[in-house]
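Colleague: Shown below is the structure under consideration.
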4 protein chains.
Amino acid sequence: MGLQIGNHQLDSRFLLGTAGYPSPAILAESIRASGAQVLTLGLKRTLGTGARDNGFVQIIRDAAKDQGAQLLPNTAGCRSAHEAVQLACMARELLDTAWIKLEVVGDEQLLAPDPFELLDAAAQLVRLGFTVLPYCTDDLVLGQRLLDAGCAGLMPWGAPIGSGQGLLNPFALRALRARFPAATLIVDAGIGAPSQAAQAMELGFDGVLLNSAVALCGDPVRMAAAFAQAIAAGRAAFEAGPIAAQDLAVPSTPVSGRPFTL
Amino acid sequence: MGLQIGNHQLDSRFLLGTAGYPSPAILAESIRASGAQVLTLGLKRTLGTGARDNGFVQIIRDAAKDQGAQLLPNTAGCRSAHEAVQLACMARELLDTAWIKLEVVGDEQLLAPDPFELLDAAAQLVRLGFTVLPYCTDDLVLGQRLLDAGCAGLMPWGAPIGSGQGLLNPFALRALRARFPAATLIVDAGIGAPSQAAQAMELGFDGVLLNSAVALCGDPVRMAAAFAQAIAAGRAAFEAGPIAAQDLAVPSTPVSGRPFTL
Amino acid sequence: MGLQIGNHQLDSRFLLGTAGYPSPAILAESIRASGAQVLTLGLKRTLGTGARDNGFVQIIRDAAKDQGAQLLPNTAGCRSAHEAVQLACMARELLDTAWIKLEVVGDEQLLAPDPFELLDAAAQLVRLGFTVLPYCTDDLVLGQRLLDAGCAGLMPWGAPIGSGQGLLNPFALRALRARFPAATLIVDAGIGAPSQAAQAMELGFDGVLLNSAVALCGDPVRMAAAFAQAIAAGRAAFEAGPIAAQDLAVPSTPVSGRPFTL
Amino acid sequence: MGLQIGNHQLDSRFLLGTAGYPSPAILAESIRASGAQVLTLGLKRTLGTGARDNGFVQIIRDAAKDQGAQLLPNTAGCRSAHEAVQLACMARELLDTAWIKLEVVGDEQLLAPDPFELLDAAAQLVRLGFTVLPYCTDDLVLGQRLLDAGCAGLMPWGAPIGSGQGLLNPFALRALRARFPAATLIVDAGIGAPSQAAQAMELGFDGVLLNSAVALCGDPVRMAAAFAQAIAAGRAAFEAGPIAAQDLAVPSTPVSGRPFTL
């Protein structure tokens, strides 16, 4: 079983952002190396630059087609529910998808989600027929409200966007997983290294969305492949049932006795 | 370039222990799923049970042959240099390899390496022509002495054997990597989950050795494959040059401007 | 300069809860040992048990008088703005104070604040003339809204109430301090040990509120004094300007040269 | 009961270093503010500068007398057992004390203890009648050897000297405490803030030795007092029996029922 978003079942649990790559060719190759089946793209920029986007959207569409990927437009740059809803509606027209990664930011320095505007926008967009994936904090109560409003899942941050700090509060993420066992939960933002993506998956999250850790590193194509492996590894470990951590040493090699546990 | 041990170049950076698996079949399958090219096995137990080892060594040899793996006998259970040197010599005879994972334990509860007996044994075994890989603490000075004595690398613990606690002191491991840039460094012991193995590789370690995290988990075969992926992912990330963590958010999606950084 | 709450300047930066002590005598002694000048008490329970409260409120009043402490009624147990506002109004009548620790919980298991009901209640209570100290998450945007609504400060949790886990997300707490340099910020909930209270103060927080760590420990009176010391120590350290952490060792004892830095 | 060193019982558990203060007056005031009853001083520097030490030793002696403090000369700067033993012998002559803080460093960048030279020097100095307090790593086996050799206690580092990183490996420190319940254990080096000193004491350590965190901060006198409070607080908390950390919230204020637990 793969990642469920709305009515879609996806094989890959890696959702990749498309901003900030060194070149169109590296973007296309990174997408392919990631195997991602969800590709986010910033509407504000795309719309703002109009036809002179260097074929940005077409690159993404081409790569998306090859691996059966969906576009997931985002509302990065929006500061109010009103602005986000408008942008989402334009995106649906232009990109021909009802999926939306809903970002409504309330703090400029940390790009922190605004829980109030976010919930308002989410409720409006659900009523308008969108499949809404909100970029949110790890707040349990906000999460409950967003799911009650009809969101297709939750995308809590691990750390501020682009900070590469990994999972700042694993306790809060574990609590979200425990409280919403049936919801689609994706860590979105703050991941800097594959080990952190694997950790999110080992906590039982359904997927990981990231952008800067691939786009801004030394070798995006290689890093995209590395994240794909780490995310798959973390999921497999979660399903395989890892050993519990303990305070004392446990000899892996007993000095006598039968060689197998059976 | 792969993992260098003595004069050997190995493609895989995953070293797998062979103790404690539920059954011979699961051991064999786990070895294959891991792709490991170094397989450790406990001499004391093997020698102790003599010919009635259920074909334990033969299972390992068969799997080893398929994927070009080397046996790495260990001296688990030894408490003195004298005992460890004797056991290593017997292992060389029986298993026809001069490689030895040198364990000399000085604390029963944490299975902590004894730096004094370890250094003594390492020096003796190097003189006897062994390729010595010592299971050691993260002590810089001990590390320097072991390398000066001619060890083929260092295998510091991340945490006590079988504890699954991961890397208890990443600072100390980073310091080892920084001080011994040319040495083969492998994290041995304490790893419980793939994310932790990836983290070790992202610190620049050359490989990861583990046993309990695979053998004792719910599904060893699947977990072996997960660790193989995570170790490869961590190495690739190290080589690809990850982004640096920072305190502030950095927008991955600028709201205006050119879509690529070039 | 001490802790500012509304128009009051308090010498002590320790705010103590009064629930769950082994006996009235130990409660009274703990209050004295703490030197706390703000004492919280649960309205729901006090009101519920009416006159048969074993003199609970009188004990607190007596101790409060001795050290110039204020009562800070709380709305623990409230699940909606409506309920919290009603309870706060009753508290003002009964206890003759317009101070209120505003708790509106949205998750039963973690006793997590409900950001929506909390903001609603805070705004109402400010309009009714209360000095409102909201128990909140470490959410920056919620914090801004609560301050905009006229709250006298913010009381973010360090961890879930009574969990004793300390500061789960120091990054988020540092961000609150940085964003609201002039606001009164108090860590409320989750503190289990004096070191954690000191850490909160070293981050620049203005005070620490706790209850279980004192009331439920082995020796509440001694622990109350310990927390008082640790909170004072953390504040002094913050004001004295601690050294910055660094990756390399720095000899404290240079082997030659003048004995003083001047 | 206070801190036991050799046959001495000391009231204070704070051991203070005397190097690097801005001025003689601030050194003297800081000593007084700390209440420390053990004052370390670097022999190499003192001997090297001879009579032209600005009255350095006399300042320490004067302050020491006021609060019943002992001098604890250290062998900072020594790289071999031979060198350390020689220096210790000179110190005993000059400073008229058989106490020695034994430092033998094997790595220049981290000022890491050299376990081999350290053990050698410790054994020699014990035979020569010294009360030996070795600055060591958190290695259990080394700790056992040092105690077996007759050391008066162990002084493991929390982090590299002067780094201010706090306790890098609390697990290892807890293990030392658990294994050597009767030994005098003092965290020496790496402490940057009072919260970290309190944490060491909460782990059950008998004392904390530090220097840079006081000498190099913005206000040494105030910081010395802050550390004194934090160390006392951490000890009191250890003795008072703190609450155990737990994963779920536990209401401190039950909404009904009797106000006291009895």
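Every residue, even glycine, has its Cβ placed from backbone N, Cα and C.
TrEMBL: automatically predicted annotations, no manual curation.
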Colleague: For the 1-deoxy-D-xylulose 5-phosphate site that TrEMBL describes with D:Ala189, D:Gly190, D:Asn211, D:Ser212, which of these is also annotated: D:Gly150, D:Gly153, D:Gly162, D:Gly241?
Modeller: D:Gly162
Colleague: Out of D:Gly190, D:Asn211, D:Ser212, the binding-site residues in the record, which is closest to D:Lys101 (active site, schiff-base intermediate with DXP) when you go by Cα distance?
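Modeller: Comparing Cα positions, the closest of these binding-site residues turns out to be D:Asn211.
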Colleague: Using a 10 Å radius around its CB, how many other CB atoms surround D:Lys101 (active site, schiff-base intermediate with DXP)?
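Modeller: The answer is 26.
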Colleague: Less than 8 Å, Cβ to Cβ, versus chain C; work out which of the recorded positions D:Lys101, D:Gly162, D:Asn211, D:Ser212 satisfy that and list them by sequence.
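Modeller: The recorded positions close to chain C are D:Gly162, D:Asn211, D:Ser212.
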Colleague: When you measure from the Cβ of D:Gly190 (1-deoxy-D-xylulose 5-phosphate binding site), which residues in the chain that are at least 6 apart have a Cβ under 8 Å away?
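Modeller: Within the chain, D:Gly190 (1-deoxy-D-xylulose 5-phosphate binding site) has Cβ neighbours under 8 Å at D:Trp157, D:Gly158, D:Ala159, D:Pro160, D:Ile161, D:Ser163, D:Gly164, D:Gln165, D:Gly166, D:Leu167, D:Leu168.
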Colleague: Go through D:Asn211, D:Ser212, our binding-site residues, and report the one whose Cβ sees the most other Cβ atoms within 10 Å.
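Modeller: That would be D:Asn211, with the most Cβ atoms nearby.
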Colleague: When DSSP is mapped onto helix/strand/coil, what comes out for D:Asn211 (1-deoxy-D-xylulose 5-phosphate binding site)?
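Modeller: Note: D:Asn211 (1-deoxy-D-xylulose 5-phosphate binding site) is coil by DSSP, not helix or strand.
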Colleague: Among all the protein chains here, how many other CB atoms are within 10 A of the CB of D:Gly162 (1-deoxy-D-xylulose 5-phosphate binding site)?
Modeller: 25
Colleague: Please list, in sequence order, the residues in the chain of D:Ala189 (1-deoxy-D-xylulose 5-phosphate binding site) that are at least six apart in sequence and whose C-beta is under 8 Å away from its C-beta.
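Modeller: Listed in sequence order: D:Leu111, D:Tyr135, D:Trp157, D:Gly158, D:Ala159, D:Pro160, D:Ile161, D:Gly162, D:Leu209, D:Leu210.
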Colleague: So, in DSSP terms, is D:Lys101 (active site, schiff-base intermediate with DXP) helix, strand, or coil?
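Modeller: The residue in question, D:Lys101 (active site, schiff-base intermediate with DXP), is strand (DSSP, three-state).
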